[in-house]
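So the structure is just underneath, and the comments pick up after that.
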Amino acid sequence: MLPDVSQKKHYVREKFSRVTRRYDLVNTLGSLGLDHFWRWRTVRELKRYPGPILDLCAGTLTLTQEIVRQRPRMVMALDLTYEMLSFGAHRLKRHPACPFIFCIQGDAERLPFRDASFYAATVAFGIRNLAHLEEGLREVWRVLKPGGKFVILEFSRPRNPLFAPVYRVYLSKFMPFLGGKLTGDREAYEYLARSIAAFLPPQGVERLLKATGFEGVYSFPLTLGVVTVYAAFKPRRAR
């Protein structure tokens, strides 16, 4: 069972704070290293956009780091969980990307930024964890400059009739086993499987983006639909 909406922020923050130190390792092992490709392909969607860029639900700053690696520019990384940001910042303390990255603990549903502050925004594996997804999307729309681009990387449910049942078993059985062994919190990875199963299909995410006011919305699957990349634009005429 998923946490109640009223408890979701606290639940997500508590779970991520407990798995912080082994979070990236579990992601890499659990995805067979494909998480690096997924982030690279996501950031390629932003190649022509200068900073500042907003990276929401930034966690341990892996996507943030990739944004700067592909093109040095200022990135504001925001996450609800202090432990995740702190761990990522410490990891990158001596990294060439460090001078370009600024971290802030905050709520993606109540962004502490002025209207039209960013040329682009990203979120990797984060929108599924928002308690109020519509509010989060409206906040991204608000802080983007007119013509700004929003790119999302999120888990999705494969549709291939041969692969889908295998993936469901992998996600519901193997990932909790692996995550539990490495982090000591099996429940966090059981939540992962449940939240993916309950999340909107790609068509539903696209509809929400359009309803928020974004235009030029498109998406494409990666790795047989294990993840989906979404992109959308704030209209140039918007204020």
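Using the three backbone atoms N, Cα and C, a Cβ is placed for every residue, glycine included.
Because TrEMBL annotations are produced automatically, they should be read as predictions rather than curated entries.
Cβ neighbour count for ASP79 (S-adenosyl-L-methionine binding site) (all protein chains, 10 Å cutoff from its Cβ): 27. Residues annotated as S-adenosyl-L-methionine binding site in TrEMBL: THR60, ASP79, ASP107, ALA108.
Look at TrEMBL and you will find 216-233 tagged as transmembrane segment.
Outside the transmembrane segment (216-233) by six or more residues, the chain places 31, 34, 37-38, 41-42, 45, 147-160, 163, 167, 202, 205-206, 209-210 with a CB less than 8 A from a CB of the stretch. For THR60 (S-adenosyl-L-methionine binding site), the count of additional Cβ atoms within 10 Å of its Cβ stands at 26 [all protein chains shown].
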